[in-house]
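Worksheet: one structure, shown below.
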Amino acid sequence: MTDTTLIIRQLGIQDYQQVWQQMREFTDTRNVLTADEIWLVQHPAVFTQGQAGKPEHLLNPTDIPVVQSDRGGQITYHGLGQQIMYVLIDIKRHKANGSELNVRQLVTALEQSVVSTLADYGIKSYPKADAPGVYVNEQKICSLGLRIRKGCSFHGLALNINMDLSPFRQINPCGYIGLEMCQMADFIPTEQAQCDKVAPKLVTHFTQLLGYNDVTTY
């Protein structure tokens, strides 16, 4: 195992809390020989609050469960048709361009992976320095939230591909009042806006940016 070894796990549709617990257990038990991993998953409808989450950003409580998470950021929504990519990376071990990878570089790599993926579909997008994530025409298409423990990351990004966006209207997404959300299906044909088609492109861009060359998919 080297710094360029990566395991990709395709988890399908799984409960948020179950996967969150698995991420914590993986991070707590990994050691210097543990390969980095990417987990690709979709979650059934759930609101998640970040560590700094404020209850007033949940505007209209519904029957959608709310989970207090340990990631960074404020409240967001997960649902089917949204591709989630969790990144379980030993930051202190990984070398990027000859220097130690830091959290800011990891966030930038995640954002750039999304920007490049969207560009593959002709969608022009951009990150914001003061509001992590990726945007199209001032609407947010991808949310980011990480947790660092023992120098290792978990949690990751959520890219809206082809989903019901209406639950976002029940919250101030990421704590921003009036922030509008969008998805890939707003800009490209539905048959192209599918998680199983978009995810491989997203992973490819991310692995190239971080220099992984020994990649195994399960």
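Each residue, glycine too, has its Cβ placed from N, Cα and C.
Sequence annotations record features per position, and here Swiss-Prot assigns domain 'BPL/LPL catalytic' to 32-214. Mean model confidence for the domain 'BPL/LPL catalytic' (32-214) is a pLDDT of 91.
The local packing around Tyr77 (substrate binding site), expressed as other Cβ atoms within 10 Å of its Cβ over all shown chains, amounts to 25. Here Swiss-Prot flags Arg71, Gly72, Gly73, Gln74, Ile75, Thr76, Tyr77, His78, Ser143, Leu144, Gly145, Gly156, Leu157, Ala158 as substrate binding site, drawing on sequence analysis.
The site 'Lowers pKa of active site Cys' annotation in Swiss-Prot covers Lys140. Cβ neighbours within 10 Å of Lys140 (site 'Lowers pKa of active site Cys'), excluding its own Cβ and spanning all shown chains: 23.
In sequence order, Gly73, Gln74, Ile75, Thr76, Ala131, Gly133, Lys140, Ser143 are the residues of the chain that are 6 or more apart from Cys174 (active site, acyl-thioester intermediate) and have a CB within less than 8 Å of its CB. Following the DSSP three-state reduction, the secondary structure of Cys174 (active site, acyl-thioester intermediate) is helix. Summarising the annotation, Swiss-Prot assigns active site, acyl-thioester intermediate to Cys174 and lists sequence analysis as the type of evidence.
According to its DSSP assignment, Arg71 (substrate binding site) is coil. A 10 Å cutoff on Cβ-Cβ distances gives Gly145 (substrate binding site) a total of 22 other Cβ atoms nearby, all chains included.
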